[in-house]
Every structure is written in C-alpha cells, then in structure tokens.
Amino acid sequence: MSEKIYDVPAEWAKRAFVDDAKYQEMYASSIRDPNGFWAEQAKRVDWIHAPTKIENVSYAPGNISIKWFEDGVLNAAYNCIDRHLATRADQTAIIWEGDDPADSKHITYRQLHDEVCKMANILRNRNVKKGDRVTIYLPMIPEAAYAMLACARIGAIHSVVFAGFSPDSLAQRIKDCDSKVVITADEGLRGGRKVPLKANVDAALNKVDNVDWVVVVKRTGGKIEMNPTRDLWYHEAAEMVTTECPVEHMNAEDALFILYTSGSTGQPKGVLHTTGGYLVYASMTHQYVFDYHEGDVYWCTADVGWVTGHSYILYGPLANGAVTLMFEGVPNYPDNSRFWNVIDKHKVNIFYTAPTAIRALMQGGDGPVTKTSRESLRLLGSVGEPINPEAWEWYHRVVGDNRCPIVDTWWQTETGGILITPLPGATRLKPGSATRPFFGVVPEIVDADGNTLEGATEGNLCLTRSWPGQMRTVYGDHARFEMTYFSTYKGKYFTGDGCRRDADGYYWITGRVDDVINVSGHRMGTAEVESALVAHPKVSEAAVVGYPHDIKGQGIYAYVTLMAGETPSEELRKELVGWVRKEIGPIASPDQIQFSQGLPKTRSGKIMRRILRKIAEDEPGALGDTSTLADPAVVDDLVQHRQNRKEKQA
C-alpha cells in the first residue's frame with residue numbers, strides 16, 4: 001500500500017464542480033434524503049413525462065426488485081442527440097480516430113442525428129419494434145455508435161458483443177437474447193490486421209436460427225459472402241431512408257441494453273440495464289468524476305463492447321453534450337507513441353484508460369511519451385481493475401507531467417457507472433486507492449459470515465443501498481440475478497470483490513474473491529475457460545485460476561489432465577492455447593498451461609482451488625492444510641512442475 005498522498009491542486013479546487021466541502025455536503029444529502037437528492041439529479045435529463053416516484057427498491061430475499069423514476073417517460077437517443085440540436089448542432093459530438101493514424105473525422109451533433117435516424121429507419125423497415133433485441137458486432141467505427149443510438153431511438157434493446165469474441169461466443173449471446181437482427185461489418189481493422197467479422201457472424205448463425213436480418217457495414221471492402229435473402233449492405237439501405245425518425249416513448253424502467261459478462265458458472269450473464277436510472281447515473285458520473293466542462297475534449301480508450309464504452313464513450317458524454325473521442329486502434333500501433341500522438345492531434349483534455357495499457361506502455365520506457373507534448377491534458381483516469389502504485393506513479397509523473405490528477409475509478413458492468421472514485425477538485429489521492437464512494441453509494445465491508453467490519457479493515461465488498469445505474473436483472477433469469485448478487489449476504493448487493501479500508505476511510509480494491517479472473521480489465525469466468533479446454537478431445541480435466549501478471553494484472557493459469565494414452569508436449573500446449581482462442585477469443589488465451597497427473601480434490605470430489613492459486617502464484621510454502629485431500633501426493637507433483645517459478649522468469 002502506497003503511503004504517498006497527493007493534495008488537490010489549488011486551481012483544481014477552485015474551478016471544479018465539487019471541492020471537498022461540496023463533496024461532504026452532497027454525499028451527506030444523498031444518504032440523508034436519497035429521494036430528494038435523486039429527484040434533483042433526474043432533472044439533468046429531458047423527460048417526456050417527469051417522474052414523481054423516485055426510488056422503489058427491495059433487497060429482501062425472494063423479492064429482489066429495483067426501480068428508479070418508474071413513472072417517468074423519456075428517450076435515451078433524444079437526450080444524447082436531439083436536445084442538443086438547438087444550441088450545438090454544429091459542435092463535434094464524436095471525434096473518430098481510425099486504426100490508421102491518417103484516418104480520422106469529426107461528426108457533429110446534426111450529422112449524428114441524421115446517421116442515427118437512417119440506421120433507425122433501416123431497422124424499423126425490417127420490422128424491428130420496441131422490446132426487440134438487436135446484436136451489434138462491430139469494430140470501433142462511428143456506425144457502432146449509430147447502431148446503439150438507433151436501437152435506443154426506436155425502443156429496441158441492443159446487445160453489443162465485443163468484436164474480439166469467437167463465433168461460438170457470439171452465437172451463445174445471439175441465442176440467449178433471441179436477437180432478430182445482427183449489425184456487423186465486412187471486416188474490422190486492429191493494429192494493422194484485418195478481423196473477419198462477417199465470416200464470424202456467418203459461422204455463428206450456422207448455430208442459431210432466430211436471426212432474420214444481417215446489416216453489414218463496409219469497413220475494408222474485403223471479400224465476403226452475402227446471403228441475398230438475409231444480408232443487406234448498410235450503405236445501400238441508408239440511401240433508401242430519410243434522416244427523420246420519431247423517438248419511441250420509453251418508460252424509465254424499459255430496457256435500454258443487455259451486455260453479457262462472464263459468470264463463475266461459465267454461462268455468460270445478460271446484464272440488463274434500463275433507460276431512466278442508467279442515463280441519469282451515466283450523465284451525472286461523467287460530469288462530476290471527470291469534471292467535464294463545456295468544450296473539453298474527452299477520450300475514453302475502451303471498446304463499446306464493454307460497459308465502459310457504453311457509459312463513458314457514448315451515453316454519459318453525449319447526454320452531457322460533450323466532445324467524445326472514439327478510437328479504433330490499439331496503444332502500440334504503429335508504435336508506442338500512438339496514444340500520446342492522438343492526444344496532441346485532437347487536443348485531448350481528459351484521458352481515461354486501463355491499467356493494462358499503462359503497464360504495457362510503461363515497459364516501453366518514457367521516451368515514446370516524452371517525445372510528445374500532451375500539454376492539452378488536465379485529467380487522467382483509470383478503469384477496469386485496480387492500478388498498482390508503480391503504474392499509478394508512472395502515469396502521473398510521465399504521462400501527466402506531475403500536474404494532472406488521476407481518477408482511479410472502481411465499478412462494474414452490473415453497476416452501470418462509477419461507484420468509488422476520487423473527484424479531482426475534492427479528493428486527496430493515494431496511488432492505488434479508488435478513495436471514496438460517489439454520491440448515494442454506501443459501501444460495506446463484511447467478513448466471510450456477513451458480519452459488518454468497521455474502521456480500518458479488510459474483507460468482502462458489499463453495497464447496502466441501491467443507486468439509479470444498478471442493473472435490474474439477468475436477462476431471462478431473475479433467479480440467477482438473486483443467486484449471484486444477493487444470496488451470499490442477505491439484504492446486500494455483493495460485488496464479488498475483496499476490499500481494504502484504511503484509517504482515512506479510503507477504499508482499496510484487492511481483486512475478485514469469486515471464480516472470475518480480471519484479465520486486462522476484462523472479466524473472464526474460470527468455468528468458461530475450463531469448459532473450452534475440456535472440449536478438446538485430448539483433455540480429460542482442467543482447472544483454471546488467476547495469477548499476478550506484470551502487464552495484464554491477472555494472467556490465466558490452466559492445469560490440464562490429459563486423456564489416458566496422451567503425452568504432454570510443447571506442440572500440444574500451443575494447440576490448446578489456439579483451441580481456447582478459437583472457442584472463446586484471444587482474450588481468454590491461457591498464459592500458462594501446466595500438464596498434471598491429477599488435480600487436488602477433497603474426498604467429496606471438490607477441486608481445492610485455493611491450493612491451485614498458491615501454486616500458480618509460486619507460493620508453494622503457503623498451501624495451508626492439505627490433509628483433507630483425497631490424494632495429497634498430487635500436490636507434490638504440481639509444486640514440482642509449476643510453470644511460474646520466480647527463478648524461471650528472472
């Protein structure tokens with residue numbers, strides 16, 4: 001834990017929306033009178049019918065129900081586009097920066113309106129109605145924003161699938177939410193390489209039969225197959241429709257989107273967010289956490305395939321009339337200066353990225369950063385996983401020239417928006433700490449039995465109060481919603497994260513405590529990777545755990561037992577890595593595979609993951625009690641053949 005403290009720069013305290021006194025006052029008000037507080041915040045969006053009911057929430061076992069602003073009526077796309085046309089039609093809404101540094105464009109709010117209406121009319125003409133699901137499998141191109149906002153405009157529910165997922169993962173997600181339409185591109189571009197998106201969609205649709213239409217955006221012009229009865233080119237369909245499309249009236253509790261996240265059971269969960277509460281919360285957190293002022297150029301480097309892209313590239317910034325940058329590329333293409341060149345090119349003021357990217361660029365040294373100016377920057381942010389103090393210090397010193405505060409934000413797909421975070425004009429910073437709760441958020445640290453722990457302590461992080469951005473259910477499976485988040489500690493939302501609170505009341509996230517690994521800020525269920533490995537004909541059994549990784553935060557460590565007669569080899573190791581890439585996607589590739597004669601199991605057959613974690617972390621002396629194992633000799637073999645020895649890496 002870092003002992004350093006960075007005070008709020010005086011000029012920040014002066015110009016920010018919130019200084020420390022204001023934070024204390026607003027936070028106290030949000031806890032004392034949540035209905036009054038959130039009724040006031042609800043005014044930041046335009047309502048067709050303003051809500052009179054603010055919060056209606058139950059965390060009671062068997063009756064988990066979350067409703068905010070439930071009698072209000074609005075439209076998210078109207079709030080992100082139309083309401084800005086009177087005052088900023090010609091202001092840039094989206095700066096798009098392509099994979100190729102020579103490829104960029106500015107899209108104004110008026111242009112955004114016209115393009116979204118065209119996409120919405122294409123969908124309406126294909127009989128997409130309010131409540132229908134649309135799967136979006138696109139690269140980071142403007143059409144991804146058009147597609148999401150077009151769905152919001154007509155009341156369809158979008159399900160964005162990250163374009164790095166495999167055909168099998170895509171098929172699973174299309175089937176689970178019963179999508180009528182898939183919107184994709186011929187190919188994606190990433191780091192100079194082509195990604196076969198349409199071919200992946202074709203492969204996925206061989207496994208499902210619920211899709212009527214595939215809308216294809218021409219990105220590269222590469223050769224693809226088109227099914228004449230199902231597939232249509234976006235650019236051709238767009239020529240046949242108008243740039244006007246009336247907005248659907250949406251109840252605040254009507255669904256806005258589904259976003260799949262890894263679960264510990266291996267079956268992805270469709271996290272469902274609704275319209276009113278989500279939009280209010282995304283807008284509010286974007287304004288206060290990033291201290292967004294009119295005219296600022298704001299860049300969140302996430303992909304819209306993840307929740308950070310939903311809340312902090314699209315909905316939050318656009319609801320606030322912001323200039324938001326959308327980046328198709330990767331941090332190290334064409335070289336390690338790419339992020340910093342983009343900041344200089346577009347005069348970016350606020351920069352929000354992941355610790356994984358920071359750590360990877362840090363390995364390339366200071367040179368690629370210091371040869372750029374970055375003088376436009378005034379605020380840095382971190383998201384996706386805890387940031388280690390060394391990376392925090394480098395980010396602050398080298399990228400921010402010791403002058404830009406860092407907002408180290410903690411939240412989840414399920415929370416819709418940021419929950420624990422510094423506010424740049426209000427919060428003294430400690431490297432590695434997410435610091436204090438946002439307005440209305442009440443964290444509680446509990447022990448394994450659910451007892452509340454007070455003061456400076458460490459345990460499991462729960463939240464005792466609801467907030468408007470909270471997910472409402474797991475799509476199609478409310479019982480799973482209750483089981484996953486509310487059954488461990490009754491009457492509380494359990495985050496699945498461990499947490500430490502220091503003597504100053506600052507929160508330090510210590511990582512997942514369930515069977516989910518956080519790889520480069522993206523959650524990956526261990527069961528999902530295990531299922532992929534066991535599907536290989538040569539694999540009898542597999543167990544997957546996380547271990548500390550210098551770049552990714554956590555790496556994937558797989559223990560694999562082979563079928564009788566099969567022999568471990570380097571070739572088979574590579575084959576299994578490729579197999580998992582194909583089954584799930586590159587993000588799930590194991591970093592280490594250890595072939596094992598068996599796995600440590602209790603006499604009842606339960607795998608002792610605690611032991612596997614310690615071996616993967618190269619801590620064989622900390623295995624604890626192994627007497628309950630059916631065959632303790634298995635552990636000796638695993639320790640002897642472990643892949644992640646410190647001396648091996650030296």
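Using the three backbone atoms N, Cα and C, a Cβ is placed for every residue, glycine included.
Annotation comment: Swiss-Prot describes Arg190, Gly191, Gly192, Arg193, Thr308, Asn332, Ser520, Arg581 as CoA binding site. Neighbours of Arg581 (CoA binding site), defined as other CB atoms within 10 A of its CB across all chains, total 17.
Annotation comment: Swiss-Prot describes Gly384, Glu385, Pro386, Asp408, Thr409, Trp410, Trp411, Gln412, Thr413, Asp497, Arg512, Arg523 as ATP binding site, evidence class sequence analysis. DSSP gives Pro386 (ATP binding site) a coil state; it is part of no helix or strand.
According to Swiss-Prot, the Mg(2+) binding site annotation covers Val534, His536, Val539. Take the CB of Val539 (Mg(2+) binding site) and look out to 10 A: across all protein chains shown you find 21 other CB atoms.
According to Swiss-Prot, the feature N6-acetyllysine maps to Lys606, an assignment based on sequence analysis.
Apart from the site residues Val534, His536, Val539, the chain places the Cβ of Ala532, Leu533, Ala535, Pro537, Lys538, Ser540, Glu541, Ala542, Val560, Leu576, Trp579 no farther than 8 Å from the centroid of the site's Cβ atoms, the recorded Mg(2+) location. Cα spacing between Gly384 (ATP binding site) and Gly191 (CoA binding site): 21 Å, rounded to the nearest whole number. DSSP assigns Trp411 (ATP binding site) to coil, not to a helix or a strand.
Residues within less than 8 Å, Cβ to Cβ, of His536 (Mg(2+) binding site) and separated from it by at least 6 positions along the same chain comprise Glu575, Leu576, Trp579. Around Thr308 (CoA binding site), the same-chain residues at least 6 positions away in sequence with a Cβ under 8 Å from its Cβ are Cys300, Ala302, Tyr352, Val383, Gly384. When each of the binding-site residues Asn332, Thr409, Thr413, Ser520 is scored by how many other Cβ atoms sit within 10 Å of its Cβ, Asn332 comes out lowest. Neighbour density at the Cβ, taken as the number of other Cβ atoms within 10 Å, is lowest among the binding-site residues Gly191, Gly192, Gly384 for Gly192.
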